[in-house]
Amino acid sequence: MSLLKRSRILRMAFSDTTRSEKDEPFILRATKIAVVVTLYWLISISMVFLNNYLLDNKELDAPVFITFFQCVVTVGLCWILKFLSKLCPGFVDFPSLKFDFRVSREILPLTVVFIGMITFNNLCLKYVGVAFYTVGRSLSTVFNVLLSYAVLKQTTSLYAVLCCGVILGGFWLGVDQESVAGSLSWTGVVFGVVASLCVSLNAIYTKKVMPVVDGNIWKLSYYNNLNAIVLFIPLIAILGELKSVLEFNRLTHLNFWGMMILGGVFGFAIGYVTALQIKFTSPLTHNVSGTAKSCAQTVLAVVYSASSKSALWWTSNMMVLVGSSAYTWVKGLEMKKVEVPPETETTSSLKSKEDSMV
């Protein structure tokens, strides 16, 4: 395929089109979907491995600072895209980002949960590694069911509960097998559980504050990350990470800052490609793609580390992945049987994005 042809397909995939999908040739639509899914897999897997590389640095023990810097990159990219949208209005579409203190204050409770989500997620990755990462933070679906009942008073079907039971079984089997192998980090497991809880809370709080930013996910991302930057600064000082950063012997190396910036770019890009994948397929297909991606990510991590895993360890991963896919399928069938309120669909899509971003 020529470079010109690839550029044309990418441009079409990234642009909003009013052309009916029914009018598109099958080959063209299939190619656009393949490009978007490939981008999602590439960015998501690269982001996890890059974050693991940064967090696993023995000379720099500053996970909160790394998370803080990724928020800085996100805010910077928002400003760049805002500038480009004014410079090239027909090519780049991005909302106005005039700061409003009232909006920032109303989003603050969500920001606290958001900080917990991304920080504990990175801490889980730091302590358990990429191979056990999928199992380590697999309980977000279980917490979503529990919080839906406790906070929103929404009941869950027996089939969906059974799927959660499979996920829980896979989680505990994975913990057991990591313990048998002598590689279990209870600290990492606790961080993974807390991260999963924060993912579910984040979906609930996001639904509450979306009207504040006129339903615009980019405005929400901008204010969320801007608030997070301010809250991270005293946290870095309290945890003593500033000293660790200043004493880091590669602090002035361009390679280190290049990796840091790239990690922030991937963190920003994953939200966009997730939205693209949902747009060109469906929330259900996106979740299936995410499950397959997690499976590939686990296999890559095991191969890369040249480690040997038991049959029960692989079974635990499959239980988590199958349970998550089955839950998505069951909820999809339930939504088809009843008319789903628009806000419920929005929350489901947002949760899909959050699961991808972490």
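The backbone N, Cα and C atoms fix where each Cβ goes, and this holds for glycine too.
According to TrEMBL, the domain 'Sugar phosphate transporter' annotation covers 32-304.
The transmembrane segment annotation in TrEMBL covers 26-50 (among others). Panel annotation: around the transmembrane segment (26-50), residues 9-10, 12-13, 125, 130, 133, 259, 262-263, 266-267, 269-270, 273-274, 276-277, 280-281, 289-290, 293, 296-297, 300-301, 356 of the same chain, lying at least six beyond its termini, place a Cβ under 8 Å from a Cβ of the stretch.
TrEMBL lists 62-81 (among others) with the feature transmembrane segment.
Under the heading transmembrane segment, TrEMBL lists 107-136 (among others). Only residues 6 or more beyond the boundaries of the transmembrane segment (107-136), in the same chain, are considered here, and those with a CB under 8 A from a CB of the stretch are 48-49, 51-52, 55-56, 63-64, 66-67, 70-71, 170-171, 174-175, 178, 183, 185, 187-189, 191-192, 194-195, 198-199, 201-202, 205-206, 208-209, 212-213, 220, 223-224, 227-228, 231-232, 294-295, 297-298, 300-302, 304-305, 307, 309, 316-317, 320-321, 354, 358.
Beyond its flanks by at least six residues, the transmembrane segment (156-174) meets 132, 135-136, 138-139, 141-142, 145, 148-149, 312-313, 315-324, 326-327, 330-331, 334 of its own chain at Cβ-Cβ distances under 8 Å. Annotation source TrEMBL lists transmembrane segment at 156-174 (among others).
Tertiary proximity for the transmembrane segment (186-205) is limited to same-chain residues at least six positions away from its ends with a CB under 8 Å from its CB atoms, namely 109-110, 113-114, 116-117, 120-121, 123-124, 126-128, 132-133, 136-140, 142-144, 146-147, 151-152, 175, 347, 350-351, 354-355, 358. Annotation source TrEMBL lists transmembrane segment at 186-205 (among others).
For the transmembrane segment (225-242), the residues of the chain that approach it from at least six positions outside its boundaries are 61-62, 64-65, 67-68, 71-72, 74-75, 78, 99, 104, 107-108, 111-112, 114-115, 118, judged by C-beta separation under 8 angstroms. Among the features that TrEMBL reports, transmembrane segment is placed at 225-242 (among others).
For 254-275 (among others), the entry in TrEMBL reads transmembrane segment. Beyond the ends of the transmembrane segment (254-275), by six or more residues, the same chain brings 36, 39-40, 43-44, 46-47, 50-51, 53-54, 66, 69-74, 76-77, 217, 221, 248, 286, 352-353, 356-357 to within a C-beta distance below 8 angstroms of the stretch.
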